[in-house]
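J.: The domain 'O-antigen ligase-related' annotation in TrEMBL covers 197-357. Feature annotation from TrEMBL assigns repeat 'TPR' to 696-729. If you look up TrEMBL, you'll see 12-32, 38-55, 75-95, 136-158, 164-183, 190-206, 212-233, 240-259, 350-369, 381-397, 403-419, 439-457 (among others) marked as transmembrane segment.
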Amino acid sequence: MPKKIYLTILKSGIYLSFLSVFLVSGKLFFPYITTKQIFFNILTEILFFFWLVFIIQYPSYRPFIFVKGGLKKSLIPLGLVSFFIIITLSSILGVDFNLSFWGDAERMLGVFHVLHFLAFYFIIITVMLSWKDWYALMLVSVAAAAFVSIHALTVIAYSTVGNAAYVGGYLIFNIYFSLILFFRTDKKIFWRWLYPAAIILMLFALKNTGVAGAYVGLGSSAILALFLFGLLSRDKKVKIYILSAAVLSIVLITGIFLYRNNSTVRSVKFLDDVLSEISVGKNTFQTRLISWKTAWKDFPAHPLLGTGYGNFAITFDKYFDPSFYNYTRSETYFDRAHNNLIDIASTSGALGLLAYLSIFAAAGYYLVIGYRKDKIKLHDFVLLISLIIAYFVQNLAVFDSLVTYIPLMAMLGYIYWLARNDQEIDYIKDDSFNNKEIFAGFLIGLSVLIILFKYNIGPLRTFIGTIKGQIAFAQGDIAGGVEIYKGALSRHTVLDRDSRDSLVRSMTSVLLNESVSQSQLEDVLAFVEKMAEENIKYNPKDSLTQTELAQFFISAAQASKDDNEKFFSYLNQAMEAANKAIDSSPGRIPLYYVKAQIYKMRGDSDNAIVTLEYAAGLNEKYYDSFCNLAKYYFMARNEEKGFSAMDKCIDLGGAELLTPVDYVISLINFYIDKQNDWPRVVKLYERLVKMQPDQAVNWVKLAASYERIGEYGEAIEAARKSVELDPTLKDEVEQFINALGKISL
């Protein structure tokens, strides 16, 4: 086949890949991730087929890495291949091969998927042979980013990407691609000013994400770019102006941060927003700092190859710090370190980190050598160095995804092209079809088809079935939902873990639903248990999976309460799973609540209380423990300890957890009648009006409670709310408000 056809197919596929950022299908599980990655995988596999046949038929097009004597020209490809080999090895020797190699639906970043980005890179450096090719590639990327930015500004901050942090990294690449296009385009062409317009659009979208890492990455790289332009400029006046601007920028930014709490600084909304995001005291920074510390603690145990690529969760669980709950009550399971370098070091060891860094060391080497030899122009040199820095800095608080991997491969390919020649090269003439091409095409095509259907189409169908199963559960058709899950999971794909997990979670919450008949219950429980056990096999030390198994067995016991033998059998299995979860993550406080619940169901309230007392001691600022402990004390008829724990529960902010309504009312009565403790009564009434917002009498009592503690403004607001619900209270409320007015004077 003529090389022109091969090149057209391959280039078109590369351009098409940049449009994957728009793909989101609500019919798929984790739609923002799976839709894009499966499309990209299939596209790359098709392109790989044409690429492999192409370089067999036209060997002069092979990248230098495949040519004798070409290794010196292929340091970037060598770094990429080395990184891939090491993460593959770490996966084989790691704690969970399935997660490492195949990934999961939530991330789709296993070695298998990384291999597609590697293949994508080799296709790029094979066919992108002129500035015309690179112009088209960057133009497509920037145009896509502009539309993503518009969507982010007009609809939702995370746009079609699904995660604001990913949007930040994606836009940084395209801001720099826009600058490269601007400087590379002839000054006489007026529409080159569309690139700065696109940059402005992307900057607004970037600001809208509220991602501190992206702000710092872009800001620091912009200052670096100014310094480099100034230092390397041959015009003395330009050098002075640019360096002065760089120094002034540093002084200005330093001053803003030194006086970040100044009212004048904070009066500027943009600065106020940015300063609020960039803060070491911010909860998200503190939780990430905790996760980084866990990686540091575990590194000596796996120094060379880590725990296995993508297996950060086991490290985070092992060294989980209970103080984590001081900063957030949600998102307590980290499957990534939220720092790319730490994540790589933790999961693929020192060898993985060195291989990863070698990629960028090679890129920097080529840029410096190319600039010194005048093969790379000043603007390309400065912008690419700055882009690498921006990428690195923003990745200190996040990790890569498809939307950053694609432009990353493009950037590395562009550097490879610049260093290689920056010239279009003449290649051999076309060949007609021959036996070698046909034979290679058949073998490669057959292999690609098998991979495409087994590892992409198969999981795709499973994900579709998972969503259908969830819909059936939501509609109350439990038996039908289980049958749908059975069909979806009958394919036995490499990405079944998330669908199984979805089934286990769903069944745990709906097992007591009456739509499941007793005749069906045994089969349903057996199937769900089997699916949960299949996930456990991947990594028996997975705390989250063991916890979910324990919770499922608790629900199964409740559903089987009429059969004493089954009831206690399920509870025993639940206890076994709960203990394994605690062994894997002893600092994770809610695991002890699960264990206490099992003890309670067994009728062993003493051990339930001992378990909760231990949990409360792990973090005395975590009100959940005291709220739970108080209930257990009350059930054991130990009111003294019960109200002592309840005091801490309320004082720490735990009133929001208290249920049901009767329980809250009984607590209110105690704190009024026995202790005359109005500050705590107020917090309980605040909880009650959230539970019964349409009950005017509750608002009246809340208003009176506010009056007791001198909160007259809140008392008036609560009183007015009662009138909205019951207009007959108007006169009484007016008298109340007037009386408050006199008191406040």
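Backbone N, Cα and C atoms are what each Cβ position is placed from, and that goes for glycine too.
Automatic, uncurated: that is what TrEMBL annotation is.
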J.: Near the transmembrane segment (164-183), which residues from the same chain, at least 6 beyond its ends, have a CB less than 8 A from one of its CBs?
T.: 21, 135, 138-139, 141-142, 144-145, 148-149, 152, 157-158, 192, 195-196, 198-199, 202-203, 205-206, 209-211, 213-215, 217-218, 221, 377, 379-380, 383-384, 386-387, 390-391, 394-395, 397-398, 400-401, 403-404, 407-408, 410-411
J.: Over the span of the repeat 'TPR' (696-729), count residues by DSSP class, listing helix, strand and coil in order.
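T.: For that range the per-state counts are 30 helix, 0 strand, 4 coil.
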J.: Cβ pairs under 8 Å with the transmembrane segment (75-95): which stretch of 38-55, 403-419, 439-457 has the most?
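T.: It is 403-419, which has the most Cβ pairs under 8 Å.
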J.: Let me spell it out: take the transmembrane segment (136-158), skip the flanking residues so only those 6+ beyond its ends count, and list any with a Cβ under 8 Å from a Cβ in it.
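T.: That would be 11, 14-15, 18-19, 21-22, 124, 128, 164, 166-167, 170-171, 173-174, 177-178, 180-181, 195, 198, 201-202, 204-205, 208-210, 407, 410.
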J.: Quick check: do the transmembrane segment (439-457) and the transmembrane segment (38-55) share at least 3 Cβ pairs under 8 Å, counting only pairs 6+ apart in sequence?
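T.: In this chain the transmembrane segment (439-457) contacts the transmembrane segment (38-55) - 3 or more Cβ pairs sit under 8 Å.
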J.: Give residue numbers and ranges for long-range contacts of the transmembrane segment (12-32): same chain, 6 or more residues beyond its ends, CB-CB under 8 A.
T.: 38-40, 43-44, 46-47, 50, 105-106, 108, 120, 123-124, 127-128, 136-137, 140-141, 144-145, 147-148, 160-163, 170, 402-403, 406, 460, 463-464, 466-467, 498-499, 502
J.: Could you give the residue numbers and ranges of same-chain residues that sit at least 6 residues beyond the transmembrane segment (212-233) on either side and whose C-beta is under 8 angstroms from one of its C-beta atoms?
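T.: Distant contacts of the transmembrane segment (212-233): 165, 168-169, 171-172, 175, 206, 239-243, 245-246, 249-250, 253, 274, 277-279, 282, 285, 378, 381-383, 385-387, 389-398.
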J.: Taking 38-55, 350-369, 381-397 as candidates, which has the most Cβ pairs under 8 Å with the transmembrane segment (403-419)?
T.: 350-369
